[in-house]
Amino acid sequence: MAAKDVKFGNDARVKMLAGVNVLADAVKVTLGPKGRNVILDKSFGAPTITKDGVSVAREIELEDKFENMGAQMVKEVASKANDAAGDGTTTATVLAQAIVNEGLKAVAAGMNPMDLKRGIDKAVAAVVSELKALSKPCETSKEIEQVGTISANSDSIVGQLIAQAMEKVGKEGVITVEDGTGLEDELDVVEGMQFDRGYLSPYFINKPETATVEMDNPYILLVDKKISNIRELLPVLEAVAKAGKPLLIIAEDVEGEALATLVVNTMRGIVKVAAVKAPGFGDRRKAMLQDIAILTAGTVISEEIGMELEKAALEDLGQAKRVVINKDNTTIIDGVGDEAQIKGRVAQIRQQIEESTSDYDKEKLQERVAKLAGGVAVIKVGAATEVEMKEKKDRVEDALHATRAAVEEGIVAGGGVALIRAASKAAANLQGDNEEQNVGIKLALRAMEAPLRQIVANAGEEASVVASAVKNGEGNYGYNAGTEEYGDMIAMGILDPTKVTRSALQFAASIAGLMITTEAMVTELPKDDKLDPSAAMGGMGGMGGMM
């Protein structure tokens, strides 16, 4: 086991604080409408330019191991805020730095760290409940656009695109961000349920100009097995032919004689059929077939529940207004499923999302919710260079997370104002169990001014003057650093999602409290692997006369 280096008390805290400040100082220059960029060197390819706090934090590793421990703990604050709300990483870092700096000053003055931490925790709990009281629901498209614009660093086009996307696919719909091909940002919307399986034979195509299969008011047969024997399908095919409607077959696979017969019947015009493979694999495929069944008011023909394909009747088939199939995707538009059943299924999947521990599973479950709830929107980010594209994509993803958070928990006044208002309301009723807890409460409430001060400092104004003016105001009165004006922040469209502000404060206080109560730090001593240069050159003494 390697030897360890141990530091105690003030020595440890000084080192830790130095690390905290290096990381936080690099991150906080990005805060606010006039925040600057940070350039990150990459071991390969062009450097990355970003205004995303968590991207900056993730890049920082310090040479001094004790300082690095401090930096890594603040990095954890940014990462946690990013995971919880998808935004607010810079705010969380600024708050953590302020609480740690104030807290360690109090510890150095002889205060009890545990009581300070208890005071900080009390202050944060009170401020969080005040934030919830200040919060108002984010319902209109205009508010969603404003939240998106602020989070994308005042890029109004991004805000508009996100608002349009949410309007089209609903607040539950999936919105993804992809690289565009031109200079302009674009929005593509896929309505209905789309899954990544195309037609099993190009002979099903009935729209040669677009190489697609299009069906109006089709029946949809859902089968949880491979179909290779046409005899199993004949009763359903005859019933559908009599009804005079097209048929879409979604099965594990359709092959051999069965596929050949379907193709021949389609080409002769006897019955209009198309077949696609069911999406997903294993249990996920079964779940997705069930989703499609609920969406189209059909039944999955599965031998597991004693159903046989030969005995399937028209009432077992699902229906939709329209189906479009190309070589890669199938889209079912306007399934006739019962609204209450669809909502019940969505609620069931949401419960699974809550219980799931895997990010991959959560993402797949979220996709299923979106497909049931209304559609998928793709924002294609346009830029002149790849470096700009990466930077812009980061901002769009941040804005998207922020708008989702706003829809979930509502919005508060932005620009650091909500924290100041919540802190002043909380201060009126807060009392610690002893004087040292009161000091903890006061330092936490004082630290909550830090985001506003940093936004103002980044805009080149005097932070103390603006902070004093905002504190003396009421309600949503604050300072718009973009236009350098005072006024009603919500009326000016400067909004923050409540969830982002709340998460930033809670994670910052949690990690800062742990750092304030640190009394010793342990790290490995560096290994001394370097050779002694004089020993390495010892055998070359006879070369002296050659110079």
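Keep in mind that glycine also has a Cβ here, set from the backbone N, Cα and C atoms.
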Residue among Gly159, Gly170, Gly415 sharing the ATP site, where Swiss-Prot lists Thr30, Leu31, Gly32, Pro33, Lys51, Asp87, Gly88, Thr89, Thr90, Thr91, Asp496 as binders: Gly415
Other CB atoms within 10 A, centred on Gly32 (ATP binding site): 27
Count of other CB atoms lying within 10 Å of the CB belonging to Gly415 (ATP binding site): 27
Residues that sit under 8 angstroms from Thr30 (ATP binding site) by C-beta distance, when 6+ apart in the chain: Arg36, Asn37, Val38, Thr50, Lys51, Asp52, Gly53, Val56, Thr90
Proximal but sequence-remote residues of the same chain as Gly88 (ATP binding site) (Cβ under 8 Å, at least 6 apart): Ala81, Ala402, Asp496, Val500, Thr501, Ser503, Ala504
For Thr90 (ATP binding site): DSSP state (helix, strand, coil): helix
Per DSSP, three-state class assigned to Gly415 (ATP binding site): coil
Among Lys51, Thr90 [binding-site residues], residue with fewest other Cβ within 10 Å: Lys51
